[in-house]
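What TrEMBL lists as Ca(2+) binding site is ASP90, ASP92, SER94, PHE96, GLU101, ASP129, ASP131, ASP133, GLU140. TrEMBL lists 77-112, 116-147 with the feature domain 'EF-hand'.
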Amino acid sequence: MFQVSRIYKVEGLGRGGLHHLAESSLRIHSSLRAKPELNMSFAGLNDADVAAALAACAAADSFNHKAFFAKVGLASKSNDDVKKAFYVIDQDKSGFIEEDELKLFLQNFSASARALTDAETKAFLADGDKDGDGMIGVDEFAAMIKG
């Protein structure tokens, strides 16, 4: 658990203003709670397979997305399950997986997993981005997993 504190000098707030300030502070504090451990069990992935796939790419520059997809069992899942996985990885809900989201790809499977290196991230993006827009769309993601 972590805590963020900042003190502001607030002048001219009446009693109601201080109440609203306290409510805002509580909402901010609540939103900063650590994320629970994530898993892709909704996609029918086996926790042991996920753990083995993460262990296989624990060292920097050892990540191979095709091998990872096969090890976690995502390559054999339905298109609906693959799309569900896409929408988990698309953290900002833009409809695309951008480079910064790919860098944290492994953390979608375990919050304690490492970030991908720049080289791994760029190779992952280059393989998935078939239309050259610098992002991976849901259809590109599905094709990358199934292909």
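Every residue gets a Cβ built from N, Cα and C, even glycine.
Structural mapping of features recorded in TrEMBL.
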| residue | record | CB count, 10 Å |
| --- | --- | --- |
| ASP90 | Ca(2+) binding site | 20 |
| SER94 | Ca(2+) binding site | 10 |
| GLU101 | Ca(2+) binding site | 20 |
| ASP131 | Ca(2+) binding site | 10 |
| GLU140 | Ca(2+) binding site | 19 |
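Tertiary neighbourhood of the domain 'EF-hand' (116-147): same-chain residues 60-61, 63, 65, 69, 74-75, 79, 82-83, 85-87, 89, 94-99, 102-106, selected by CB-CB distance under 8 Å and a gap of 6+ residues from either end. Taken residue by residue, the domain 'EF-hand' (77-112) breaks down under DSSP into 20 helix, 2 strand, 14 coil.
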